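Marked as domain 'CP-type G' by Swiss-Prot on the basis of sequence analysis: 63-221. The GTP binding site annotation in Swiss-Prot covers Ser112, Lys113, Met114, Asp115, Gly164, Gln165, Thr166, Gly167, Ala168, Gly169, Lys170, Ser171, Thr172. The Zn(2+) binding site annotation in Swiss-Prot covers Cys245, Cys250, His252, Cys258.
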Amino acid sequence: MKTGRIIRSLSGYYDIQLPSGDIQRTRARGEFRKSKQKPLVGDFVDFESENDEGFIWAIHERENFLVRPPIANIDIAVIVTAAKEPDFAPNLLDRQLVALEAANVRPLIYFSKMDLLEKSEHEKINHVANYYQSIGYDVIFSDSKSAFEALKMMLKDHVSVFMGQTGAGKSTLLNHLSPQLGLETGEVSKALSRGKHTTRQVTLIEVDEALIADTPGFSSYEVFDFPVEELDDYFPEFVEKRQDCRFRGCLHLNEPGCAIKEAVAVGTITQSRYNSYKAFYELIKAQKPKYKTDN
């Protein structure tokens, strides 16, 4: 029995990388289909192989996983966020952050297209970035001379996934990190202010001393798969202050003595973050019940 990490999934086949660096192509045994458990890119698995044919026998316990895209055991998720063209969208960034917090994946915010900003716009984005840094998130700017080196150092020895608003420059950033990737960059539609989807499959690619995934289906989050009562768990600044709310289980909406609303009133918590919280609360309340299945 051998052990390795799945680095590619394509049409029912799984390419597994061994500790030696060798790659073995395998398929999943029928038992996985019966149990509705599917191997994911990033999974550590036990498998057997003979005559260039292999079969996966067991999937190791996952540290975390994402559904869109299907990938497991991610160390860092780089959120490529456009500062302009398309305009910065705080609600979308917050949605991505909440989804990553819920999945127990460490986010890193990368502001792209900083060179397109006027001075006043630059100051505004700096103010926004300072707030996200103050609540514990790592932030990198595309116009920093040391940006790429800083990003490479943070990705070293880690598995990372790149995500972001369509047209934000995700593939452009990946091509800067590793020109040999040769990823197609989609032009932004001026009519829709959205980019063309150009990525087709989930693959982990070795870049220097990191494993990087460029993946499809990461332009938005349609649902949050957790109870509405857990929403404030995924806003770090809320976790710190909610203990001062008058009522235990405060939802930070209409309750008197809410420490979160008081913090918003004095500017300790930004209005945009609170607006995102309220929008996500309504989104979760409006969602139809979802029955979980194993992944």
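Positions of Cβ are set from backbone N, Cα and C atoms, glycine also.
What Swiss-Prot annotates, mapped onto the structure for a quick look.
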| residue | record | contacts (Cβ under 8 Å, 6+ apart) |
| --- | --- | --- |
| Ser112 | GTP binding site | Val80, Thr81, Ala82, Ala83, Ser142, Gly164, Ala168, Gly169, Thr172, Leu173 |
| Met114 | GTP binding site | Ala83, His122, Ile125, Phe141, Ser142, Asp143 |
| Cys245 | Zn(2+) binding site | His252, Glu255, Gly257, Cys258, Ala259, Ile260 |
| Cys250 | Zn(2+) binding site | Arg242, Gly257, Cys258, Ala259, Ile260 |
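Of the chain residues outside the Zn(2+) site list Cys245, Cys250, His252, Cys258, Arg242, Arg246, Phe247, Leu251, Leu253, Glu255, Gly257, Ala259, Ile260, Lys261 have their Cβ within 8 Å of the site's Cβ mean position. When Cβ atoms from all protein chains are considered, those within 10 Å of Ala168 (GTP binding site) total 27, not counting its own.
Under the DSSP three-state reduction, Ser112 (GTP binding site) is assigned to strand. DSSP classifies Lys170 (GTP binding site) as helix under the three-state reduction. Around the Cβ of Thr172 (GTP binding site), a 10 Å sphere holds 16 further Cβ atoms from the protein chains shown.
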